[in-house]
Each structure stands twice: as structure tokens, then as C-alpha cells.
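If you check TrEMBL, you get these features:
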- His148: active site, proton acceptor (ACT_SITE)
- Cys156, Cys165, Cys218, Cys221: Zn(2+) binding site (BINDING)
- 21-309: domain 'Deacetylase sirtuin-type' (DOMAIN)
Amino acid sequence: MNSINILKNSSRKYATQFFVPKHQLVKAEDVEAIQRFLFDKPKVLVVTGAGISTESGIPDYRSEGVGLYQRSNHKPVQYPEFIRSHELRKRYWARNFIGWPKFSSVEPNLTHIKLAEMEKDSKVLHVVTQNVDNLHAKAGSKAVTELHGNGYKVICIGHNGKDRCGYSIPRHDFQQILESFNQELRDKADTFKAQSFRPDGDVEISNEDIKKFYLPQCPQCLGDLKPNIVFFGDNIPMTRIEEVVRLIINSDGILVLGSSLQVFSGYRIILQAKELGLPVAIVNIGTTRADHLADLKISVKCSDIMKEL
């Protein structure tokens, strides 16, 4: 391998590990404990959070030292504000427009791939993910419920009379539309710093660039467009909640990977599981909201455990 390739590989490895918090090495007894937990549970429901995607180069919000809240004063967009403010929607989409090429190019890591293999081998029942990055699908998983939606689809939130418009478009196709209106800004896409990358794929750009950004409306009803994700302050669709409840009831245990469970939608899964008397194992760097409910808690990097299963 020549020196140029060595430099490329080392910089790529640094970029994907930048958002992984400090952690302890996995111990043999940790691996044995997880293996015992999974041994007699062919219908384990896996709950994944942002911590499994940090190894792919996507930051999380809360990790000590490297999470978005630790590195900046940034606060995520609140859904009521997104609905009310055209300027806020414009700012959101301008940032997302610049961040999309990187966000959409991120690849699944060992944990995503291992879960897909376990599904194929009938060793897990289903994956419920809090992530919107589509990495489970990229890894080949089929039995996935995306609790907070998926950033790879754009939907209209406008109405035709009493009914929702119903328009949707793949995010890649919407990117091409945005590029046709915002070529000058697109040319700057390669200049942002990796450290400014955010969990939902947007990046920090100047107010001047935001002012120049053109945001098209829905071609069917001229309504407003948003990514098909559940924003902070928004509600998870009831059909999705009911689906997760059915999965919990049909499972024989819960395995949490890479989530602090601070968001109630994830924590609620653990509460419901314990009400049913189901065992819970958690693998996450640092404490979680449900540590006191876990039958097994291991504070290590997820891939360090998964590669041993």
C-alpha cells in the first residue's frame, strides 16, 4: 500500500471514530454475559440508538466530550417552530442540503451488518431503531421499525381541502431539485468541517448562504415540505407505537444497543418490557435512563461486543 492510500485510510478511520466517546475495552466476561443472555432467546427485540452509528461517522447528541450538545450550543429544530416559521424551514433545508452528500454516503458498520446477519439466521425478532440514517436497511436488515422515521424521504405537510396532500419524494431526488435552484451553494458543500456535522445530517453554514437559498414548495398543493422524520416536539404516529407494542409482546427479551434512552419513546419500550416481566440487556458507553431496570448492563463500544457474537 503506498503512502497516499495509507493517508486516505487513516483519515477515513479518524473521521468515523471522531464521534465515538472514550470507552473501556470489552472483557471476556462481558461477551460471555451477552452470549448467555441471547442463548435461549430466539425472539429478542433489538432497540438501537445513535451510539451504534457514531462508528460510521454520524455524531449523537449526548455522548460525553463528542456529542453535539457537548461540542456546541446547538439545539435541534422543534416541530411547532418548523411549522410556523418559513425562515426556520429555509435555514433547516439549506443546512440539510449541504450536509446531505456526506450524510447519504455514510456506510453501515460492523454492528449494523451483524444485526442483519442475526436476522437472517433467525437470532433476533426485529430491530426498533431511534435512528433516521437508513443504515440498518443499507446493511441488509428487513425487519426494522424506524421509530423516528427516515431521512431518505421527503413529505408534504400541506393539505388539499380537509385531507393531507400525500405528496412524497425520495430525498436523493429532492436533492437534485434543490441543486437546480442552488448551484452556487452546492459548490461549497465540500468546504464544511466534519466536526460541524450533526446527527440528522445538517451542517453549520453562514446566514448569508441561508439568505441566498431557494426552497421550493410542494408541486401538488404548494404546501411545505419536511423530511419524513419525527422532529423534537412532534408525535410518533400511533400506528407505529402500536406496532412496537405488538413486537414487545411477541418478544422474549430486549437488547438495547447504543442508546442512552433519554428520549421517552425509547425508554417507554423498556418500561413496557419490564411490566411484562421480560429481561433487558443494555450495551452502551456511559449511563442510560434505564440502567436501574436492566438485568444486564455493559458499558463498552457496541461493535466490540457484536463482533464476538
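From the backbone N, Cα and C atoms, a Cβ is placed for every residue, glycine too.
Of all the binding-site residues listed here (Cys156, Cys165, Cys218, Cys221), the one with the fewest other CB atoms within 10 A of its own CB is Cys221.
The Cβ neighbour count for the residue listed as 'active site, proton acceptor', using a 10 Å radius and every protein chain shown, is 21. Those same-chain residues not listed among Cys156, Cys165, Cys218, Cys221 yet with C-beta within 8 angstroms of the centroid of the Zn(2+) site C-beta atoms are Ile157, Gly158, His159, Asn160, Arg164, Gly166, Tyr167, Gln217, Pro219, Gln220, Leu222, Gly223, Asp224, Leu225. Cys221 (Zn(2+) binding site) falls within neither a helix nor a strand when secondary structure is assigned with DSSP, and so counts as coil. A Cα-Cα distance of 21 Å separates Cys165 (Zn(2+) binding site) from His148 (active site, proton acceptor).
Of the recorded residues, Cys221 (Zn(2+) binding site) and the residue listed as 'active site, proton acceptor' place their C-alpha atoms 25 Å from one another.
DSSP assigns His148 (active site, proton acceptor) to coil, not to a helix or a strand. Cα of Cys156 (Zn(2+) binding site) to Cα of the residue listed as 'active site, proton acceptor': a distance of 17 Å. Here the C-alpha separation of His148 (active site, proton acceptor) and Cys218 (Zn(2+) binding site) works out to 22 Å.
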